[in-house]
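Structure first, then comments.
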């Protein structure tokens, strides 16, 4: 039996163990999935003991999607371009990084039949998830992508020079956007009573996507719905990225073995 899991900070709310373990059981995969709540100074020991603990792969969430890069031997496209990894496969002598969030986001849009070609898009946040969503929207030929951040100067170091980056306090013309994506933890399980931005005026039929999936309808999504938006939470993205990660681990684990 191989161990897989999720590393992050304050992540006991995660639905990943249920999704993964149900899939393993249904498909007779000899894996088990668990939560690894880690402080940053515990990551070194976690990595050193991967083989000892029979860990074949793991997912990475807030706030370590960029931190994990320093531990990897190889980073597979598009994770190398994005600069963030959320899935790691453990081989005999290598750690291979992937970004299955990228795949999960694109598949979730396909699931809801949302075509973002020529869309004007607003990304809230500038961390690893935001970078992933930015490159996914570029791949899907979104016409214009703007990023808002609490720290735009720091955010500019993470993105292409041509990307429009604004202070979140200065962006109040939301009716120009066809798609708004929240890539911050604000509104999620650790910040349920907060919103990352006010949605006072949004375009009719705007799509508002909150990557948080707990609660199912965040304060941001509730306000968006009241203003006529089509709303999506991060649950389908979570499921699709999980299945993609499992495929990578099975390829390395069951077929490659140790």
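Just so you know, glycine gets a Cβ as well, placed from its N, Cα and C.
In the three-state DSSP classification, residue 14 (shikimate binding site) falls within coil. Feature annotation from Swiss-Prot assigns shikimate binding site to 14, 15, 16, 61, 86, 101, 213; the stated evidence is sequence analysis.
In the three-state DSSP classification, residue 65 (active site, proton acceptor) falls within coil. Among the features that Swiss-Prot reports, active site, proton acceptor is placed at 65, with the record citing sequence analysis.
Feature annotation from Swiss-Prot assigns NADP(+) binding site to 125, 126, 127, 128, 129, 211, 234; the stated evidence is sequence analysis. Shown in sequence order, 62, 65, 84, 101, 183, 211 are the residues of the chain, 6+ apart in sequence, with a C-beta less than 8 angstroms from the C-beta of residue 129 (NADP(+) binding site). Reduced to three states, the DSSP call for residue 129 (NADP(+) binding site) is helix.
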Fewest other CB within 10 angstroms, which one of the binding-site residues 15, 101? 15
Work out how many Å separate residue 86 (shikimate binding site) and residue 125 (NADP(+) binding site) at their Cα atoms, rounded off. 17
How many other Cβ atoms sit within 10 Å of the Cβ of residue 211 (NADP(+) binding site)? 28
Can you tell me how far the Cα of residue 128 (NADP(+) binding site) sits from the Cα of residue 61 (shikimate binding site), in Å? 9
Across all protein chains shown, the one of the binding-site residues 14, 16, 61, 126 with the most other Cβ atoms within 10 Å of its Cβ is 126
Can you check which residues sit near residue 234 (NADP(+) binding site), meaning Cβ under 8 Å from its Cβ, same chain, 6 or more apart in sequence, and list them in order? 209, 210, 211, 212, 213
